[in-house]
Structure formats: C-alpha cells, structure tokens
C-alpha cells in the first residue's frame, strides 16, 4: 500500500515538474556514482550494482532525448578505476563491451539517430573494449539527432596535461608559434574534442564534488551543478527533472545579472553623453566660426 501511494505521488510530482520545464540544457554530463554502495546495501555483489546502474543509464538516455537534451556525457570509467581490484575491472570491461555493442544495435538509437562517441585515453583499455568502441562509433557515425559521449579511461587533470604536452611538442617542433597559443590550441588537443560546453553536471550518490570531470568544458560555460543523494541505480526521472529545474533557475539568474549589467552600462554611457553635450553647449558660443573656404567645401560636399 505504501509503495503504491509513493509511486502515485511520484507520478504526480513528475508531471508537475515536467510542466515547469521551459527548455532543457543542450549538454548534460553525469557522474554515475553509488553503484557499489547500492549493491552493498542490498546484500549484492558489486557486479550486480553495475548491472543495475547500466539499466538506469538506458532510461536516462531515453529521458534526455525525450526532454530535448541534445548531448549527454556519461562518466563510465575514470582513470582512477584502473586502481580497483582486477576482478572488478574485468567485470566493468565486460559490461562496457556488451553495453556498447548493445547500444549500437538498439532500435531506438537508430530511430533517434543517436551518435555514440568514446572520449578519454581509450588506448589504455583492453583490445576487446576498444573493438566495441570502434563498432559503436562506426555504426552511428552518420547520425546527428542526439550525441552520447561515453567517458572511458577519462581524467580531467590527465586530459589537460595531455593537451599541454601536445602544445609544448608542437612549439618544440616549430609547428606552433608561442604567440599563437590560444584557447583553440588547447581545446583541439583535448580527449573530448569536439564536445560542446557543458550546461549541467549531475552527480548521484550524495558526494558534493565534480571529480574533475570535463573541467575545460564545464568552466567554459560555468555549468550548473546538481548533487543528489540517490545512488545511480536509484536515479529517477524526477531527479533528472529537478536537476534541469536547477539549471533553469541558474540560467534565469544569470540572464538577470547580465541584464542588470547592461542596464548599468547604458545608464553610465547615457550620463557621460549627457555631460559631454552640456560641456559642448557651454563652450559652443566661444568656438570660432569655420573659414569661408572650409564652409564652402562642406556645402559642396553636401
């Protein structure tokens, strides 16, 4: 009885939140945290938690597409994950391999024209996972309806260091003038190139940190951040809608701030123009008349 009441209340709340949404963020990035803790609290193995999380990933992909999100980036395997026990790594590799191939063959992926891309230092992954990446990317390479980025062997600090080394190597080789180093020189050497700036970062599992996820693209757009307590397998559409509402609130606040700044600038400029006119009027009578030849040239030019 209690479960039915909760489900009914959640459905009503979901409809209310959906009505409040007035435009989804273009790019959402998700840190999928809490799979192992979810499994532990349910008396299951960590592998069961990852399987449950994978099912949530499928649902979130559908929700984002339905809500008008254009790009979704999932933090599937970080560089820190290489430090986990070998058996956990192998299970994650098994799951990644199977899900990449499954997504690449899914009817909805092709119906919605979803392009799948892997971002990160993928050369560190086992060959079978790299083969699955190649399969998924090649199967969806021509699509432009929605973009799904899967961050694999990804670390934000590692990405920036790699880009910096690439710039240094280009300068040393004489291919890049130090004076020409700009944001584009860095961005073109990122693992994530080309990826649009992030509008909203979501982290599940209760931790309030972004784990250096997409630092270049998140800071570039000053992305909104939404932390929530549900573990990734528990993440619901209501949680996603609440995150988007947070993004919209922040975007509205930023628009208001920019409008206030623009108004203040207009007022300042208006004050300066008014003062200049008053000074000009004050000295207008003291200014000498233009010479006759200058006046004649002016009239002929008219």
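A Cβ is built for glycine as well, from the same backbone N, Cα and C atoms used for every other residue.
These come from Swiss-Prot:
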BINDING   33  Mg(2+) binding site
ACT_SITE  33  active site
BINDING   34, 35, 36, 37, 78, 79, 80, 82, 84, 203, 209, 210, 211  substrate binding site
ACT_SITE  81  active site, proton acceptor
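Distribution of Swiss-Prot features across the structure.
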{"residue": "33", "record": "Mg(2+) binding site", "Cβ contacts under 8 Å, 6 or more apart": "203, 204, 205, 206, 207, 231, 232"}
{"residue": "34", "record": "substrate binding site", "Cβ contacts under 8 Å, 6 or more apart": "53, 204, 205, 206, 230, 231, 232, 233, 234"}
{"residue": "36", "record": "substrate binding site", "Cβ contacts under 8 Å, 6 or more apart": "46, 49, 50"}
{"residue": "78", "record": "substrate binding site", "Cβ contacts under 8 Å, 6 or more apart": "151, 153, 154, 155, 211"}
{"residue": "80", "record": "substrate binding site", "Cβ contacts under 8 Å, 6 or more apart": "155"}
{"residue": "81", "record": "active site, proton acceptor", "Cβ contacts under 8 Å, 6 or more apart": "89, 92"}
{"residue": "84", "record": "substrate binding site", "Cβ contacts under 8 Å, 6 or more apart": "92"}
{"residue": "209", "record": "substrate binding site", "Cβ contacts under 8 Å, 6 or more apart": "203"}
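Classification of residue 209 (substrate binding site) by DSSP places it in coil, neither helical nor stranded. Within 10 Å of the Cβ of residue 211 (substrate binding site) there are 16 other Cβ atoms, across all protein chains. Largest Cα-Cα distance over the residues recorded as binding substrate, namely 34, 35, 36, 37, 78, 79, 80, 82, 84, 203, 209, 210, 211, equals 21 Å.
Mapped onto three states, the DSSP output places residue 80 (substrate binding site) in helix.
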